[in-house]
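Q: Relevant sequence annotations retrieved from Swiss-Prot are reproduced here:
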- Ala23, Met24, Ser25, Gly26, Gly27, Val28, Asp29, Ser30, Leu49, Gly141: ATP binding site (BINDING)
- Cys117-Cys214: disulfide bond (DISULFID)
- Cys117: active site, nucleophile (ACT_SITE)
- His142: site 'Interaction with tRNA' (SITE)
- Cys214: active site, cysteine persulfide intermediate (ACT_SITE)
- Gln356: site 'Interaction with tRNA' (SITE)
Amino acid sequence: MLDHPLNSLGFAKPPAATRVVVAMSGGVDSSVVAAELAAEGYDVVGVTLQLYDHGAALAKKGACCAGRDIHDARRVAETMGFPHYVLDYENTFREAVIDEFADAYLAGATPVPCIRCNERVKFKDLLQTAKDLDADCMATGHYIQRKMGPAGPELHCAADAARDQSYFLFSTTPEQLAFLRFPLGHLASKAETRALAARHGLPVADKPDSQDICFVPNGNYAEVIQKLRPGAADPGEIVDLSGRVLGEHRGVIHYTIGQRRGLGIGGLGDPLYVVRLDPERRQVIVGPKEALSTRIVPVREINWLGDAPLTSRSEWQVMAKVRSTRAPREAVIRPLSDTEAEVELIAPEDGVSPGQACVFYAPGDSRILGGGWIWRGAR
């Protein structure tokens, strides 16, 4: 067996002797991963997590983890002939993801719950479940690449920049990366994924991509937070940078850093933007666009994926991404500890918000060096 050539998942044994748990959301991406591996002869076990039940509100296009998605994942497993299990993770998901999401909004931050879900649920509890099932590895439908480097597995951006999910996976640890596989990361486009789904005759080949956070139907964050934290939408003042009252708002949870529309304070001359939220005073602070400009970004809870320790240098030249929709920009990391740093953006960015992630990339390379969470004090 030791002389057997490496299979496509990197193991020196036949596919039939390699068990792989596939995390199946019911969407086309993870379905294609499962189908491709099953077709190659791997011992595939499909697992779908029941994360959140929002009743009928979630049974719609654009939401994930609904009953329909579980049904779709099961149909794919039946089509390809491998076992499929549904695990109830609702309590875990609420404690690890939803509660923090609500509390972060109440504190004036703009959280990214999908990162926490990967970090605390999918790549922690589900990964452990895969090991308990005697799997050799766990595969997902994420668009990201795992490449072997001189020091072990490395995390790299997807070949398709438009689909790259590295921003949401920066917290993947080296130990998790050793067990994970991302079979779609090398594909050039989503069209290739759908073509593979059609080739396998999968019932989800034309299923729309999910858009909403699974527990936020219609993208209405404020409505969900009000249900989770009654009284969260208390009204308060909209003030300018000098403290002058300009109007009244409907509750801090309705606003995000950089927001311009929907403030209800028109007719004041130059456009005004939300530059800060003060939940304790129930104030939304607005100012001109230049007030959004940020160069110094404090980052904590850093997951560092570089070969040398973060604190082995006083400075690291990197490319940094402060929002999922923005391109990485030149930056300098100045470590304060193994898990905290000050990040200086060479060119200032607008709308840097507490609660978002700051993800680090190697200059001139596709490698992800890690990242952390932006917290108060960005300037």
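Keep in mind that glycine also has a Cβ here, set from the backbone N, Cα and C atoms.
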Q: I'm trying to understand the geometry here, so how far is the Cα atom of Cys117 (disulfide bond) from the Cα atom of Leu49 (ATP binding site), in Å to the nearest whole number?
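A: Checking the Cα atoms of Cys117 (disulfide bond) and Leu49 (ATP binding site) gives a distance of 11 Å.
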Q: Translate the DSSP assignment of Asp29 (ATP binding site) into the three-state scheme.
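A: The three-state answer is helix.
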Q: Note down the number of other Cβ atoms within 10 Å of the Cβ of Cys214 (disulfide bond), including every protein chain shown.
A: 23
Q: Given the binding-site residues Ala23, Ser25, Gly27, Asp29, Leu49, find the one whose Cα is closest in space to the Cα of His142 (site 'Interaction with tRNA').
A: Asp29
Q: Please report the distance from the Cα of Ser25 (ATP binding site) to the Cα of Cys214 (disulfide bond), rounded to the nearest angstrom.
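A: Taking the Cα atoms only, Ser25 (ATP binding site) lies 11 Å from Cys214 (disulfide bond).
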Q: Between Asp29 (ATP binding site) and Cys214 (disulfide bond), what C-alpha distance do you get in Å?
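A: One finds 16 Å between the Cα atoms of these residues.
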Q: Provide, as an integer number of angstrom, the distance between the C-alpha atoms of Gly27 (ATP binding site) and Cys214 (disulfide bond).
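A: That comes out at 13 Å between the alpha carbons.
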Q: From the Cα of Ala23 (ATP binding site) across to the Cα of Cys214 (disulfide bond), what is the distance in angstrom?
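A: Rounded to the nearest whole number, the Cα-Cα distance is 16 Å.
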Q: Using the alpha carbons only, what distance in Å do you get between Ala23 (ATP binding site) and Gln356 (site 'Interaction with tRNA') once rounded?
A: 25
Q: What Cα-Cα separation, expressed in whole Å, is found between Gln356 (site 'Interaction with tRNA') and Leu49 (ATP binding site)?
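A: The Cα atom of Gln356 (site 'Interaction with tRNA') is 25 Å away from the Cα atom of Leu49 (ATP binding site).
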Q: On the Cα atoms of Ala23, Met24, Ser25, Gly26, Gly27, Val28, Asp29, Ser30, Leu49, Gly141, which are listed as binding ATP, what is the maximum pairwise distance in Å?
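A: Looking at Ala23, Met24, Ser25, Gly26, Gly27, Val28, Asp29, Ser30, Leu49, Gly141 as a set, their Cα atoms extend up to 16 Å apart.
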Q: Measure from the Cβ of His142 (site 'Interaction with tRNA') and count the other Cβ atoms within 10 Å, all protein chains considered.
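A: Around the Cβ of His142 (site 'Interaction with tRNA'), 26 other Cβ atoms lie within 10 Å.
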